[in-house]
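Enquirer: As listed in Swiss-Prot for this protein:
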type     : residues                                                                        : note
BINDING  : Glu13, Val14, Gly15, Lys16, Thr17, Tyr18, Asp47, Glu112, Gly113, Val114, Gly115 : ATP binding site
BINDING  : Thr17, Asp47, Glu112                                                            : Mg(2+) binding site
ACT_SITE : Lys38                                                                           : active site
BINDING  : Thr42                                                                           : substrate binding site
Amino acid sequence: MYKGIFVTATDTEVGKTYVSCKIAETLEKSGINTGVFKPVSTGNRNDAKALIKAAKIDENTETVTPVFFKNPMSPYGASLLERRASDKIFDLKKINNAFKYFLNKYEFTVVEGVGGILVPLKQNFFVSDLIKKFNLPVIVVARFGLGTLNHTLLTVEKLKRDRQKILGVILSGKKNNNDVSVKSNALIIKKITNLSVLELGYNEKIDLEKNIWIIK
């Protein structure tokens, strides 16, 4: 089993926090001491609260999310709007120390990114750079419906170019029965990428035995 995973996504609001919580909840129920870590957040720290609740751990939101911007946008954009130097606010040393804290304290840590992999965290530093720095295997969260093929394949291609280990893709959210692409998207992604693909609708549980690739 790995020491942790990095959960990224094809876009914002595609179910990244939901999937991260489901993974943390499943691992905790399996008896695995699981930490959760969202290095940076904007708008609020509600994702950190949800992650803490899912993992059932005694941590505060400031520890789980050490870097925070009040405006709900990219961290770099928020730093410009708030007229704060992104290099000072987006403190990589602070993030690295927090990351090491979770890896040392917990058997397994679920790390959740922010937005997609090319969201700028500061000038010339993206989520993809943070993934490389942490060097954890990656799970890509994507939408079920129309348009997800392009977004998912672009994300996977970028990760492969960065030589990052990709564990698989999780399609999340509510299926639109009027969208015929929903019936074939998972299969097409699997055939093109040769990755494991899990379809996870809302309120569905993760069968860890059938989807052991999530942690191994």
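Glycine too: its Cβ is placed from the backbone N, Cα and C atoms.
Just tell me what is around each of these and how deep it sits.
Expert: Secondary structure at Asp47 (ATP binding site), taken from DSSP and collapsed to helix, strand or coil, is helix.
Counting every protein chain shown, 22 other Cβ atoms lie within 10 Å of the Cβ of Asp47 (ATP binding site).
The 10 Å shell around the Cβ of Lys38 (active site) contains 25 further Cβ atoms across the protein chains shown.
Thr42 (substrate binding site) carries a strand DSSP state (E or B). Residues near Thr42 (substrate binding site) in space but far in sequence (CB under 8 A, at least 6 apart, same chain), listed by position: Phe68, Phe69, Lys70, Asn71, Pro72, Met73, Ser74, Pro75, Ala78, Val114.
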Enquirer: When you average the Cβ positions of Thr17, Asp47, Glu112 for the Mg(2+) site, which other residues in that chain have a Cβ within 8 Å of that mean position?
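Expert: The surrounding set, listed in chain order, is Val7, Lys16, Ser20, Cys21, Lys38, Ser41, Ala48, Ala50, Leu51.
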Enquirer: Quick check for the class: what is the C-alpha distance, in angstrom and rounded, between Glu13 (ATP binding site) and Lys38 (active site)?
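Expert: With the alpha carbons as reference points, the distance is 15 Å.
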Enquirer: Just to be sure I understand the packing, how many Cβ atoms besides its own are within 10 Å of the Cβ of Glu13 (ATP binding site)?
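Expert: Total other Cβ atoms inside 10 Å, all chains included: 10.
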Enquirer: Just checking: which of Gly15, Asp47, Glu112, Gly113, Gly115 have a Cα that is within 10 Å of the Cα of Lys38 (active site), counting only these binding-site residues?
Expert: Asp47, Glu112, Gly113
